[in-house]
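Accompanying notes for the structure given below.
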Amino acid sequence: MEYLFRANLILEPTSTIKRLKSAPAAQLLVAGTSSYYGFATLKIRSRNEAELGCWFNDNAESLISTAVQAASTFDASIPPKLLRLLFHDCFVDGCDASILLDSTPTETAEKEDPANSNLQGLGVITGIKRTVELACAGVVSCADIIALAARDAVVAMGGPKVEIPTGRLDGLRSSAVNVRPSLPDTPFGVEQLLEFFGRKGLDHEDLAALSGAHTVGVAHCTAFNDRFTFGGNGTVISQDPTMDPAYAAQLVQRCPASANTNTLIVNDLKTPTVFDNAYYEDVQAGHGLFHSDAVLLSDSRTAALLRSFGASQDAFFAAWAKSFTKLSLVGVKTSPSQGQVRKKCNLRN
């Protein structure tokens, strides 16, 4: 589904968009937020006067925030989808909106790979791009919109607002062959996860903090059926011993051997639509949905962080802010030889 955030319906008309000319840049980025974690770097690359006017005079960042809030109000399933979209974009060739590009006659795009078959929220980004283009055409990249929309999606779910730099360019290519070798998967052990995260400049602290994204959203049965062994008649022969038996029984009831491929299970039993630290409590109680969640308790480096985040939501939010910012800067394109600001997110200019 594609969302169009018409300026005269959801946002203010572009002719009357509030102009914040005199406020300092940092103030513009944090105005109106109640839970805020900031960093010193405000931009990735230098900007000309027109670009600065778009970000600060036309308040492009506010347009994106407003659109995300509108989409989230319309459909409560949108925020987790936007957050997942950023992960899938950044882990494959960097945060460059290559996940949005269409295939060409000579190259199958990332979004066509089976690992991305259930990826949603692309239409929201397209709608936001069209809205921002009405205010200031050719300035705000789709890559920046994905990153900011994911940030604002967390806010819409009750999480912290994080100041992240802008100035990303959109990548020039998208190739499905790069997806599988780049994306960490739910059956992975700690060492595999750390290897994949390490390739992106992320460490064990980032792994523990960013795994907290599993406090929201849903998963298909196939994402965790590796934790069960079914017999020929559909009975459970064995299950992951780290799982709470009662929780495992609930999952098998919802996701038997013959489960419908469209069956969805919430990641967090307690507060599935709220961005909080309940995920860490779940994992410690044997209620982590994925193998990749449970194994974090088997390694001293990540286990200590899981216990810390489970005991203190403030500690989790502070770590999330740092790690989310690092994620949003993975492999960014900043020069014209690397990328561009696309006119339409699914097509190269």
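Cβ atoms are placed via backbone N, Cα and C, with glycine included.
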Check TrEMBL and name the cysteine among Cys142, Cys221, Cys255 that pairs with Cys345 in a disulfide. Cys142
Cys136, Cys221: which one closes the disulfide with Cys255 in TrEMBL? Cys221
Filter the recorded positions Cys90, Cys142, Thr215, Thr271 down to the ones within 10 angstroms of Ser98 (Ca(2+) 1 binding site), Cα to Cα, kept in sequence order. Cys90, Cys142
Across the binding-site residues (Glu110, Asp276), the Cβ with the fewest other Cβ atoms inside 10 Å is that of Asp276
Cys95 (disulfide bond) to His88 (active site, proton acceptor): how many Å between their Cα atoms? 9
Measuring Cα to Cα, tell me the gap between Gly94 (Ca(2+) 1 binding site) and Pro184 (substrate binding site) in whole angstrom. 14
Across all protein chains in the structure, which of the disulfide-bonded residues Cys95, Cys255 has the highest Cβ count within 10 Å? Cys95
